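Data block below; observations after.
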Amino acid sequence: MDRTVLLINGPNLNLLGTREPHIYGSTTLSDVESNTKSQGEGLGITVQSFQSNHEGAIIDRIHEARGNVEYIIINPGGLTHTSVALRDALAGVAIPFIEVHISNVHAREEFRHKSFLSDKAVAVICGLGVFGYSAALQFVDQQLKASKT
């Protein structure tokens, strides 16, 4: 298997750049995907990207990743706080994953403080803006290099 990472963005992240820019910034999802793929190329990592507003489609894509990717970087959006099914899908495929949030969810509404995924994640990044995606990919690169030695 090549050094391949699946970047998943959940509900409403297609609105990046226009949705609540005071919270999420002005960078679009297309920018995030393009920047992450470019960074991946520099690291020798193939980045596949997927976004959906539908929980089932995200779960289907996670299932398809089994045996095809080495890591998942996921910003599950609002599904973070509600989806046992997403948690079960990630646990079921046994692909290590990093949970990313653009905003600091712990400085926001109380309901955003609970994640159904964090205890299964290799790492959680929040509050770094879209740089969180870059930090996640850097971490994945380190982990993949360490696993080869």
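In case you wondered, yes, glycine gets a Cβ from its N, Cα and C as well.
The annotation site 'Transition state stabilizer' is assigned in TrEMBL to R19.
Among the features that TrEMBL reports, active site, proton acceptor is placed at Y24. Listed in sequence order, L16, G17, I102, S103 are the same-chain residues six or more apart from Y24 (active site, proton acceptor) with CB atoms under 8 A from its CB.
Around the Cβ of N75 (substrate binding site), 26 further Cβ atoms fall within 10 Å across all displayed protein chains. Sequence annotations record features per position, and here TrEMBL assigns substrate binding site to N75, H81, D88, I102, S103, R112.
Cβ neighbours of H101 (active site, proton donor) (same chain, under 8 Å, six or more residues apart in sequence): N75, T80, V124, I125, C126, G127, G132. According to TrEMBL, the active site, proton donor annotation covers H101.
Annotated transmembrane segment per TrEMBL: 121-140, in sequence order.
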Next on the checklist: Distance check, please: Cα of H81 (substrate binding site) against Cα of R19 (site 'Transition state stabilizer'), rounded to an integer number of angstrom.
Outcome noted: 19
Checklist outcome for this item: D88 (substrate binding site) to R19 (site 'Transition state stabilizer'), Cα to Cα, whole Å, comes out at 29
Item to check | Nonlocal residues around R19 (site 'Transition state stabilizer'), in sequence order (Cβ under 8 Å, 6 or more apart) | outcome: N12
